[in-house]
Amino acid sequence: MKIATWNVNSAKARLPLITDWLRLTSPDVVLFQEIKCETAVFPGAAFEELGYHVAVVGQKAYNGVALLSKTPAEDILTRLPGEPEDEQARYIEATVAGIRIASLYLPNGNPIPGEKFAYKLRWMDRLYAHARDLLAREIPFVLGGDYNVIPQDRDVYSPADFAGDALAQPETRAKFRALLNLGLTEAYRALHDDDRAYSFWDYQAGCWPRDKGLRIDHFLLSPQAADRLAECVIDRGPRGGEKASDHTPVILELRDV
DNA sequence: ATGGTTGCTGCGCAA
């Protein structure tokens, strides 16, 4: 089973690029972040035409996540538990082919200090609690998306430039490590030891042509999902095209059972 | 380079 995650930075602005890529790559499951539209105006029909079932949680202008699947998604959860008053559309999770799969858009958290960083840390605590709950229930799962976390200095072109950034703070990294220490596997790093394996390049200051990127889009796997881990690759192709998102897709391959 | 770009919105904000 091939599962892709992609922060598309507007589903509508990126629609032709996305559909071209789906035809080319044909993932079984696709996780989008930053669709930047309300649920009702998400261009789901364009994906249904390609054979996908579509589950969406959107909001006006900001955030928004979606989960596409070639087989139907069941038991769809549209919010991360733990803070009922949180209205931001950052989490969707469903069962596809017997596995819980989530598309998540973890808060950016800048600037620091401030309410946005506090929200990021709370959100990470909620993700931790939820992952722990799924583990306790022995439910196999894959948590994919834009984590807005630079796990290690090697995952950014210039650690010094990000020393004051929410994506690389010690507290941010500690909470990400805590997730791993629950027994989760970070798919890309489990298989690859290379540097410059970026998934995001800022639009500004020629970051893409200069390869000044960050690795912030990740897949975290439960032990049962990790047993099936076959490959994880970053597809830099879509970042180089016209009207590109600032993120590029990451693709996970799980062996069939 | 106290710069630079993009999307959505509504004449700024988030990334």
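Note that Cβ sites are derived from N, Cα and C of the backbone, with glycine treated the same way.
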Task: Recorded Mg(2+) site member, picked from A:E34, A:E38, A:E171, A:E231, that accompanies A:N7, A:D146, A:N148, A:D246, A:H247 in TrEMBL - done: A:E34
- [ ] Sorry to bug you, but what's the C-alpha spacing from A:H247 (active site, proton acceptor) to A:Y105 (active site), rounded to the closest Å?
- [x] 13
Task: Which of A:D146, A:H247, all active-site residues, has a Cβ with the fewest other Cβ atoms inside 10 Å - done: A:H247
